[in-house]
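Copied from TrEMBL, the annotated features are:
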- 4-67: domain 'TECR-like N-terminal' (DOMAIN)
- 142-295: domain '3-oxo-5-alpha-steroid 4-dehydrogenase C-terminal' (DOMAIN)
- 72-94: transmembrane segment (TRANSMEM)
- 153-171: transmembrane segment (TRANSMEM)
- 183-202: transmembrane segment (TRANSMEM)
- 251-269: transmembrane segment (TRANSMEM)
């Protein structure tokens, strides 16, 4: 059946183009990643894989266009927001000039926990960078350009705040000494391995170049068994890593960063959990978004 396709501006309802076929390029001035096409002005964007013949439209199909604004790739955003904390923290660790008093320039801390914290922090962000390059498969190729400024402000700002106090010449080690630090290190490393294991499991669910969504289930890797109880265990392990780092450094800015991160990850986890429940009727009912049986 031959259809005529009409595309209107979602905000002004002005006609942008009127086509007899789907194939011809609509004379729009925006690149594809910037375009949102929807059936209703306030509805959700159609997916790239949606087919016109399968949509609830008649012989004349009216679609609404919205400009999503300038876009930037997820990979670029992740590499930028993760490189910043890595470099910024090391600047404070090496006590480059103009951070502390001149007499402390390029000196090192006498507390071994400060050096351990630097290794853990650096390991965390190097891991994130490598996962961005070699592990993650993104369902969406881009995000709004403005997000990179917001994300970098968050990650870079907190990294500077934490690093300033942890590497400060007057920093004092945790109150319970080596025992507290060792327990914290075990928690941190355990959760880092768990987080990586979940990322690998999620990667294996999506073939290269596809946007297929499947229900994640535990694998032979014991770190993935938490999928029995949680929808987003990558966030659970991420929270555990920062709790361990907080315990290790006993630093208030780290605790505040952990709290803010937990709140944000909870929002993401709840959204993903609702999406799973809506998309999959056989989704395991015992799972919680981020914390087993709690949240």
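Using N, Cα and C of the backbone, Cβ positions are placed for all residues, glycine too.
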Legend entry - Leading stretch by Cβ pairs under 8 Å, where the reference is the transmembrane segment (251-269) and the options are 72-94, 153-171, 183-202: 153-171
Legend entry - Within the predicted model, mean pLDDT of the domain '3-oxo-5-alpha-steroid 4-dehydrogenase C-terminal' (142-295): 93
